[in-house]
Structures are given as structure tokens and as C-alpha cells.
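Sequence annotations record features per position, and here TrEMBL assigns domain 'PDEase' to 419-741. If you look up TrEMBL, you'll see 499 marked as active site, proton donor. Feature annotation from TrEMBL assigns Zn(2+) 1 binding site to 503, 537, 538, 646. Annotation source TrEMBL lists Zn(2+) 2 binding site at 538.
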């Protein structure tokens with residue numbers, strides 16, 4: 001169906017409400033806190049951060065070679081050196097207890113330095129200083145390529161401009177260049193302290209010089225490596241190895257064969273053996289791969305696993321110690337177990353054995369035996385073997401990862417089949433629905449203020465079918481699939497006090513009333529999407545906020561960067577739709593359009609997103625630019641529709657709204673109780689000990705969030721004004737309750753939720 005190219009309004013009123021929500025008011029911050037991102041860290045997290053700083057400080061003072069190795073490894077082809085320098089500067093700030101730190105990057109072409117902002121990469125506001133004397137401290141250090149430690153920058157005449165930014169409280173400055181071994185100054189790190197702090201000392205200077213020295217060496221080494229890499233031809237064996245372990249599917253024997261073949265050819269060894277440690281074992285149990293007998297050089301897996309923790313072989317020694325072993329003369333070395341040769345008849349002369357390790361554990365051991373063109377394996381061979389072991393680790397890690405992914409994929413297929421069976425509605429419910437698909441339409445059902453009664457709750461599936469039939473049309477969907485879909489959706493809502501199927505039904509009812517009043521404004525794809533999205537918008541809701549999921553590092557928070565709950569609701573909805581094809585006659589293209597519309601609609605129910613699109617919509621209205629022919633405008637309008645429907649429980653008569661409010665607080669207090677057990681201070685709105693603030697909070701929530709939302713909807717669709725009117729009446733009722741608080745007509749217990757009810 002073609003989208004209608006009609007403007008929504010020609011003479012709409014100017015929306016006078018402030019677009020941006022004023023968060024300077026404490027009461028406003030209190031009611032919006034559950035719906036915006038708030039970073040909260042427990043005392044445990046603070047201690048862990050402090051321990052990380054102590055650990056890094058230990059490496060700075062005691063392990064320069066290890067740190068240099070880590071930095072060199074980190075500087076890969078695509079490394080962001082500026083980001084690395086920022087992180088280094090922050091570590092130096094922490095270890096020297098400086099008030100602040102500034103990173104200056106050197107532009108050798110223009111012989112200037114400029115401040116580098118970590119979160120700002122543009123050049124628009126970049127301030128430059130010439131590399132010379134008589135300017136700021138950093139420019140002087142870049143010019144001299146030497147460190148500088150000043151106890152009192154205010155009285156030092158060498159630097160009339162002081163530091164790079166104006167700060168009257170800055171006194172002590174420690175400025176160190178990052179210089180490569182060939183003398184190029186790459187950056188300058190400036191640490192400073194205020195007048196209330198003691199000046200920097202020699203220990204601070206020593207740490208700064210060592211760290212920047214390592215950085216300069218690492219940058220130089222990385223540049224050399226990249227230069228040499230461009231000139232170097234790819235080794236044939238390395239190419240074969242790369243093809244092997246980066247193939248989509250590869251047998252473990254083939255991968256091991258290529259690895260050992262590469263090692264033998266490179267080092268000139270007679271034989272090779274590969275041990276893969278079983279990661280599920282706690283006792284260094286390994287599978288052994290040895291070469292076949294005869295012309296077949298394929299590595300074969302032994303039927304018996306070897307326990308390297310107790311094995312007397314060189315491989316067992318390497319696995320236990322993690323150290324490389326290079327034996328020049330096996331029979332004169334006490335570490336060699338001669339009984340092995342006696343059993344096999346093989347004569348071992350020299351051995352080079354090395355562990356294959358990843359970042360956090362040992363993956364295996366690789367061993368080559370008998371140098372062909374020499375007496376023993378040389379230190380040069382050992383260095384080559386070290387480089388080779390890195391590729392072994394990559395190959396082994398990739399193979400394990402591929403095997404895990406394969407098993408995970410197959411497990412997911414099984415789980416999805418099981419889930420599909422569990423999601424199917426009860427056969428008796430389905431039979432009853434088929435036998436009684438129709439229900440008498442309740443009185444004032446087509447008014448926004450209507451709400452399902454306890455007696456009508458069992459009839460909610462039939463009422464959903466009634467709404468779908470009237471708005472979408474009976475000829476547009478498969479009746480049996482729609483029945484199954486509705487019952488499955490009901491089943492996928494958890495038994496939460498608030499985020500349950502009753503709430504979803506109410507949201508769908510509100511959307512039904514908006515759509516039936518404005519059918520000509522929307523095309524069939526939008527109508528089919530919006531009503532179903534409203535019904536599915538909180539599928540499988542756990543009763544906790546997005547903030548809580550991110551705070552507890554929940555799986556959903558790890559899976560989605562933004563709006564984890566809403567993304568999950570959409571994903572569950574699409575899972576149900578894939579099993580219940582309610583629109584069987586539509587093409588794949590139309591199905592994809594419906595999916596896109598549903599995703600946008602469900603994600604719009606995140607109030608954190610509402611605060612953003614509300615501002616854009618108000619601007620369009622005030623400038624009289626809102627036009628339904630514009631896809632971006634339509635998306636904003638549909639988003640405000642979804643939010644209004646989601647908040648429509650606050651546009652009901654007081655007794656209904658009060659019951660809904662109590663259910664919301666049951667979930668809030670349950671989350672607050674859990675946060676207290678975690679050692680956190682819950683948000684004020686979620687603290688049951690502050691339940692006496694419920695009436696005030698409701699007035700504020702209605703004033704700051706609900707009323708502006710439904711008023712905006714009313715400006716777009718005047719025939720939805722009932723929502724705004726009911727919301728105003730509800731707010732007035734709460735205000736009356738506040739005025740009567742303490743009198744007989746108001747009992748504080750009305751808003752206090754029993755803790756046992758949240759269990």
C-alpha cells in the first residue's frame with residue numbers, strides 16, 4: 001500500500017512546554033532515575049580498581065621487561081597509539097598521585113604541539129604551540145627532548161605562558177617527552193599538582209622516565225616492524241598454516257599436521273610431536289599426536305591420553321614448569337627418560353620442547369627431535385621456535401573456538417526446538433479459544449479510560465482478537481495462527497506484579513484506540529506492526545530495569561549496548577512470529593518491513609530513548625514542519641504513540657491507576673531490596689523505607705513524564721485528548737491526597753507494599 005503524502009497538520013499550535021527536561025530539580029531527578037543511565041559501583045568494584053592500580057605500579061617498578069613485552073605485543077597493525085598514550089598518561093597520573101595530566105602530540109611537519117583530547121578527535125578547537133623556548137612547559141620539553149621537573153611553575157620565568165591551560169591553582173609540574181631511540185619526539189606528557197600538594201620527587205620522575213622510555217622504544221620497534229613487514233615475502237609454510245587454521249572447517253589432524261610440518265621444515269628436525277592439553281581436565285591430561293609410519297606423514301591421534309602432571313617425559317616437564325627445554329645430548333641429560341627409546345627402538349639425540357600458552361592458560365606442548373643438519377638445536381632455532389609457538393597458540397585457540405562454536409550452534413538448535421515446544425500454548429486453552437473466539441464487547445471499550453476488570457481478565461485473548469480484527473481486518477491474517485500467537489504471547493509474559501500480560505493488553509488497547517481514530521493516517525504495514533508491537537513490547541520482562549541489568553552485568557546487558565530489555569522483547573516477539581505466521585500471504589519484503597516497524601516501535605518504549613526523540617518532535621511541531629510524508633517524522637510520531645500507550649496506565653481513573661502504581665512499586669522495591677543485598681544504595685524511588693513519598697513522586701512523575709508525553713500526542717492527534725484529560729484528573733487526585741495526608745481520608749499504608757508480596 002502506498003504511503004499517503006499528506007501533512008499531519010497545517011495549523012497546529014506551538015508546543016510551549018520546554019523540550020528538554022530540567023534535571024536540576026531533585027524531585028525530577030528522583031522520578032526519572034530508574035529510566036536513565038546511572039553509573040553505580042559497589043565498594044568491591046572500588047577495591048578491585050585500587051588493586052589493579054597497585055598491580056600496575058608493581059610492574060612499573062619491578063617488571064620493566066614484562067611491560068615492554070606487553071606494549072610491543074599490543075602495538076599491532078591497527079593499534080591506536082594516541083589512545084594507548086592516553087591510557088599510559090592516566091596510569092602515570094595515578095602512580096604519581098598527580099592532580100591531573102595533559103597529553104600533547106607533536107606535529108613534526110609544522111613543528112608544533114597540540115593538546116590531545118581523549119574523547120574528541122576533531123581539529124576545530126585544536127590549540128597549537130610552536131616547539132620553542134619561552135612558551136609553555138610542554139613546548140620547551142618538546143624542543144629540548146628532555147624531562148623537566150618544576151617545583152613552582154608560578155615563579156619560573158622560563159615559562160611565561162605556564163602550562164597549556166589556565167589554572168591558578170597549579171604549582172608543581174613534571175613534564176616528560178616520549179622520545180624514540182632514533183631521537184624523534186612523538187608526544188609530551190605533562191603531570192601537575194596544585195598548591196595544596198607537595199611537589200613531585202625523584203621517585204615520581206623515575207617512574208615517568210621509565211614508562212615514557214618504554215613507550216618510545218615500543219613505538220620505534222612497531223614502526224620498524226611495519227616497515228620490514230611490507231618488504232618481507234610471506235613464507236610458504238606460514239601461508240599453508242594460516243590457510244589451515246583459518247579455514248571454515250578443518251580437521252584437528254590436518255591442523256596439527258600442518259603445524260608440525262612447518263616446525264620440522266623451519267628448524268630442520270627429524271620428528272615432531274604435538275600435545276593438546278584437555279581444557280576440561282584439572283590434571284594436565286593431554287592428547288598426543290605423532291607422525292605415522294611409512295610414507296604417510298599425517299599426524300595421528302593416540303588412543304591413550306597422557307597425564308603430563310606425572311609423566312617423566314620432557315613434554316611433561318615443560319607442561320608442568322611452563323619453561324622451554326633445549327637438550328643438546330639426550331643420553332647425557334638427567335632429564336631425559338631413556339626407557340622410551342628402549343621401547344620404540346628410536347634413538348633420540350637432541351630435543352627442543354616448548355609450551356604453547358595463551359593469555360591465561362596452557363594450550364599444549366610441541367616438541368621436535370634430532371637436528372638433521374647439526375649436532376643440536378641452536379639458540380637461533382630456539383628463538384624461531386618461540387615465534388612459531390605464537391602461531392601454534394593461534395591455531396590451537398582458533399580450532400578450539402571453532403569446535404566450541406560448532407557445539408554451541410548445535411546446542412542452540414536443540415534448545416530452540418525445546419523452546420518451541422514449551423512456547424506452544426496449552427492445548428485446552430487453544431481448543432477453548434477456537435470454540436469461543438468471540439466475546440461481547442465491554443461497555444466503553446472504545447474509550448481510553450476503560451480498563452479490564454478482574455472478571456474480564458480470562459477474556460483478554462478474545463478481546464485482543466477483537467481489536468486485531470477491527471483494526472487490521474479479518475481477511476489480513478490467519479485466524480488459527482493469530483489465536484496461537486496471542487496465547488503464546490500471554491504465556492511468554494512472566495508473573496510480575498506490573499510487567500505482565502495485563503499490562504501488555506492495556507498498552508495494546510490504548511494503541512487500538514489511537515489507530516481506530518486515525519486509520520487514514522497509517523498504511524497497512526504500520527497498522528499491522530504497531531498493534532502487534534504494543535502487545536509484545538514487554539515480552540519476557542524480568543521485572544528489573546535496564547540500569548539493574550547493566551549494574552549486575554546481566555547477559556542481556558552484555559548482548560546489547562543500548563536498551564537491552566527492549567531489544568530482548570523484540571527478539572522474543574520475532575521468535576514467536578517465526579513459529580506463528582499470522583500474516584501468511586505477505587511477501588518476504590513486506591515481512592521485513594513489518595519486522596523493522598516492530599523493532600522501532602518496541603525500542604521506542606525505552607524511556608531513555610523517549611527523552612531524546614521528544615525533543616526532536618517538539619522542535620518539528622514548533623517550527624510547523626511535521627509532515628507524514630517524511631519517513632523520519634513518521635518514525636518520531638509512532639515512537640510517541642508507543643510511549644503514550646506504555647504510560648497509559650497513568651491515564652485511568654484513580655482506583656485503577658492506584659492499583660497499577662502499587663504493582664509498579666512492588667517491582668521497584670524488589671529491585672531495591674536486591675541492590676541492598678549487593679551492598680549498594682538503591683535509587684530513592686526503589687527504597688521501600690521511603691514509601692511515604694509515593695504521592696509526591698506520582699505527582700512529579702505525571703508532571704514531568706506522562707503529561708508532556710500525552711499532551712504532545714494530543715497536539716498531533718487531537719482525538720486522543722482523553723488521555724491528557726484523565727492524566728490531569730489523576731494528578732489532581734494525588735495532589736488532594738497530599739493535602740489530606742495524615743487525616744483519616746488518607747492512610748500511608750495504602751502505598752506501602754508488604755515485603756512478602758515481592759517474594
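Using N, Cα and C of the backbone, Cβ positions are placed for all residues, glycine too.
Fair warning: this is a prediction, and the values are worked out from it, not measured in the lab.
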| task | Around the recorded Zn(2+) 1 site, report the further residues of that chain (criterion: Cβ within 8 Å of the mean position of the Cβ atoms of 503, 537, 538, 646; site residues excluded), sequence-ordered. | result | 499, 504, 507, 534, 541, 605, 645
| note | Counting other C-beta atoms within 10 angstroms, the emptiest spot among the binding-site residues 503, 537 is 503
| query | Which number gives the other C-beta atoms within 10 angstroms of the C-beta of the residue listed as 'active site, proton donor', all protein chains shown included? | reply | 24
| field | residue 646 (Zn(2+) 1 binding site) and residue 499 (active site, proton donor), distance between Cα atoms, whole Å | value | 11
| task | Note the mean pLDDT of the domain 'PDEase' (419-741), expressed as a whole number. | result | 93
| message | Give me the long-range Cβ neighbours of residue 538 (Zn(2+) 1 binding site): same chain, 6+ apart, Cβ under 8 Å, in sequence order. | response | 493, 499, 503, 504, 507, 565, 569, 605
